[in-house]
Amino acid sequence: MNALIIEDDPAARTLLAEYLRARGWTIQELPDGKETLQRIQRYDFDVIFIDLMLPDTDGHSLCKEIRKKSQTGIIFTTSCDDPVERVIALENGADAYYAKPIPMRELLACAKNLSQRVRSGDVPVEASQAVEFRHWCFSPESMLISNQWGESCNLTRTESRLFEFMIKNIDKPLTRDELGHSLGRTEWLPGDRGIDVLVSKLRNKLSNVSRNKQIIQTRYGIGYVFTPGNS
């Protein structure tokens, strides 16, 4: 398994690289982002580990550039534990986000899963059939919500995957853990507001196009429920 580590802190970069090498991974290292695109054009990486703050760029911008060219697994490893930054990373195409101190065994399990996905060609589903409701529809392929009045809006990759899971569980209350795991991630922790931020953004988009302000309802003490009703 092949990985690229982009981290400006030599100690943190070496720690992660040695941990993975000891478990059979082939590792390349970069202290900044300037050579990243050249590397991914020359080598097939299963996973790329990105720090949020780099000397010449930020992890979010770098993640977006990588996603334009590759479906390799992307994991953020950063000292920033801000749930908003986590959501931005996921919306930009990251597969996981770990704040330091990083749980190394969990990180390794996540990286292995991503590697298997990349090698099998099992990228996130983007070709499902359109789902139609009374006045609007959702196309997973284009990640587009549109209504009969000609209004539409695009979902991010993460919002689309979250919404597909909700569609499969109409009128069923879903916990934050269930929603987090539906995205293929295990690192959501109790009290993590990242899921709340994601749901809030998704709710606003759905409410505007479906014209149903109660389409995603909060179940206090539980989580959220998708209730399209007759919208």
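In case you wondered, yes, glycine gets a Cβ from its N, Cα and C as well.
TrEMBL does not curate its annotations; it predicts them automatically.
These numbers come from a predicted model, not from an experiment.
Per TrEMBL, the features are as follows:
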type	residues	note
DNA_BIND	128-228	DNA-binding region
DOMAIN	2-115	domain 'Response regulatory'
DOMAIN	128-228	domain 'OmpR/PhoB-type'
MOD_RES	Asp51	4-aspartylphosphate
CB contacts for Asp51 (4-aspartylphosphate) [other CB atoms within 10 A, all chains]: 24
The residue listed as '4-aspartylphosphate' in three-state DSSP notation: coil
Local confidence of the domain 'OmpR/PhoB-type' (128-228) - pLDDT mean: 84
Composition by DSSP (helix, strand, coil) of residues within the domain 'OmpR/PhoB-type' (128-228): 35 helix, 23 strand, 43 coil
